[in-house]
């Protein structure tokens, strides 16, 4: 893949066979991640990061990785008012001025990677589509939609605050909290969303094997992909925070004992261009 190193961290739950590759140069706002994209380091730290030759470990990848640069959309008025915002089935708010500025800052941060980026994909929801169009102008890439990475549908809760839901749908809320299989009235469960997101991801990987793709999505889909990449249970998403217009990077490749297992490496999580440099 153009502009990306071929070393990876293994995702093997309950195994400790991997030795993390070392690299020099801190990322901005985050601790250095073994195997992280060296050009992302250039963007954030504005220094030349030279990766050392990676250890192949006990299983080398059989093909170049496919890397997803996952970008959360910028804020909307619903975001700032802490209202539930789902997918196309809800009120579908667009970005506000702050959200547009956030996405432009992220786009400027990513522009040094323009030549390495092969495609730009977005959820069809308005706020992600608008965010992707801003990125497309900065990166010089057309936008293609993927419905699988749209936000969870919240049904009757869409556009309401948590307090309003407690007042209007107390039984619904009590059943939903901590239950990944329960769907709000007229909405989707976390399990349903997870299956949809993984199917969408697999379509992206099949269409862009060995390439780098920017995918503009939402909180629930991005957290779902992170949990899957780490081999963590789906309820791990309750323990993650994801900032507006933040960047999360996951690489996928084939390897393992049979050479055809889909493996993943979390390279970066919830990084923002406004983060202060990390100081050791």
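For all residues, glycine too, the Cβ spot is worked out from N, Cα and C.
Predicted, not measured: the structure shown is a model, and the values here were computed from it.
Taken from TrEMBL, the feature active site, tele-phosphohistidine intermediate applies to 73. In the three-state DSSP reading, residue 73 (active site, tele-phosphohistidine intermediate) counts as coil. Taking all protein chains in view, 31 other C-beta atoms sit within 10 angstroms of the C-beta of residue 73 (active site, tele-phosphohistidine intermediate).
Under the three-state DSSP scheme, residue 151 (active site, proton donor/acceptor) falls in the coil class. According to TrEMBL, the feature active site, proton donor/acceptor maps to 151.
Taken from TrEMBL, the feature substrate binding site applies to 127. Around the Cβ of residue 127 (substrate binding site), the same chain contributes 73, 74, 76, 85, 92, 93, 94, 95, 99, each under 8 angstroms and 6 or more positions distant in sequence.
The compositional bias 'Basic residues' feature in TrEMBL is assigned to 1-15.
Residues annotated as compositional bias 'Basic and acidic residues' in TrEMBL: 16-36.
Residues or ranges marked as region 'Disordered' by TrEMBL: 1-40.
In this structure, residue 127 (substrate binding site) is part of a helix by DSSP. When other Cβ atoms within 10 Å of the Cβ of residue 151 (active site, proton donor/acceptor) are tallied across all protein chains shown, the result is 27.
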